[in-house]
Amino acid sequence: MNVKGNVILSMLAVSTVIAVFWEYINSPEGSFLWIYHSKNPEADDSSAQKGWWFPGWFNNGIHNYQQQEEDTDKEKGKEEEQRKEDDTTQLWLWDWFNPKKRPEVVTVTKWKAPVVWEGTYNKAILENYYAKQKITVGLMVFAIGRYIEHYLEEFITSANRYFMVGHKVIFYVMVDDVPKVPFIELGPLRSFKVFEVKPEKRWQDICMMSMKTIGEHILAHIQHEVDFLFCMDVDQVFQDHFGVETLGQSVAQLQAWWYKVDPDDFTYERRKESAAYIPFGQGDFYYYAAIFGGTPIQVLSITQECFKGILLDKKNDIEAEWHDESHLNKYFLLNKPSKILSPEYCWDYHIGLPSDIKTVKLPWQTKEYNLVRNNV
């Protein structure tokens, strides 16, 4: 073969190789990754890998590592900004709570839950956080029989003034005689819902059956209406701000007469036959059933478990010493509350006013049992 023929054949061969190669790298399957086997499943996306390898190599003959690093830095920057944004939506205990401000009292439990006393919380930080969350707080109260005319109006009027000021509140009022409910003018962000409940012959049964009623209403509608729910006795009156520092997953109230007493002296249910039984040597605090709360799901758990215990006691023909309160204390022994309110939040002035009570949020009303209870 002459020289001219060899040159032509060589040129054809080179052209063919170049054409095949070019077609290959531009095909969906084309990639340099065929030369090794990767165990990384993300490396099997050949089209993505081809886009990474080839445009850079043919960009003025220089692979664009710098651009790759800049893209990585941008991604890291976005992740860092997202973390910072997430941090601003989280409220950590140490952001608002300082137990050292009240060294003379118990401010932290053995399970590291805060005991909220006046002076231990930063109200500004809490208000700023919850304002952004746009929360709704429910307050449920029972007024049965003569409790309606003796206590209900003053309770709701004072709650309208002091309870969760600046936040949306729904008052759930459970009564056995709806026409007797007084008209109460509420402030902005407050609404009032009245529900009729079945009356019971004994006040003990009213207290115990309230656990069932609370649970039923949470399931029926409250869980969809509020972010937090408090259940309170009606024979109390607010006299100072009861605010967002009290909000938590599950919230228990220290009983004013028992917060300095040794647990073995608490009036727990001590009979083994009762579902509310707590043996000597056990117990953390004595909790008052006049106030408890938390998220709707947690309050549902509290009321359902307490009512189970009440039904079991009825089946065994026994009644716990302090009825629903005994079962509440048993519940919180087994399921520790995430936050505890000091006696400042529910105080009895008959005790006096010791130095550790800096302010009284919600004092007890005078207990006129002879006027409001059918069976004393």
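Residue numbers in this text run from 1 along the chain shown.
Positions of Cβ are set from backbone N, Cα and C atoms, glycine also.
Copied over from Swiss-Prot:
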type	residues	note
ACT_SITE	Glu325	active site, nucleophile
BINDING	142-147, 233-235, 255-258, Thr267, 367-373	substrate binding site
BINDING	Asp233, Asp235	Mn(2+) binding site
TOPO_DOM	1-4	topological domain 'Cytoplasmic'
TOPO_DOM	26-376	topological domain 'Lumenal'
TRANSMEM	5-25	transmembrane segment
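Projection of Swiss-Prot feature records onto the structure.
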residue: Phe142; record: substrate binding site; Cβ neighbours (10 Å): 23
residue: Gly145; record: substrate binding site; Cβ neighbours (10 Å): 18
residue: Asp233; record: substrate binding site; Cβ neighbours (10 Å): 21
residue: Asp235; record: Mn(2+) binding site; Cβ neighbours (10 Å): 21
residue: Gln255; record: substrate binding site; Cβ neighbours (10 Å): 23
residue: Trp258; record: substrate binding site; Cβ neighbours (10 Å): 17
residue: Glu325; record: active site, nucleophile; Cβ neighbours (10 Å): 24
| field | Local confidence of the topological domain 'Lumenal' (26-376) - pLDDT mean | value | 84
| remark: The rounded CA-CA distance in Å from Phe142 (substrate binding site) to Asp235 (Mn(2+) binding site) is 10
| remark: Cα of Asp233 (substrate binding site) to Cα of Glu325 (active site, nucleophile), in Å and rounded, measures 12
| message | Just to verify a number: CA distance, Trp258 (substrate binding site) to Asp235 (Mn(2+) binding site), in angstrom, no decimals. | response | 19
| remark: Whole-number Å distance separating the Cα atoms of the residue listed as 'active site, nucleophile' and Asp235 (Mn(2+) binding site) is 16
| What Cα-Cα separation, expressed in whole Å, is found between Gly145 (substrate binding site) and Asp235 (Mn(2+) binding site)? | 13
| Expressed to the nearest Å, what is the distance separating Gln255 (substrate binding site) and Asp235 (Mn(2+) binding site) at their Cα atoms? | 15
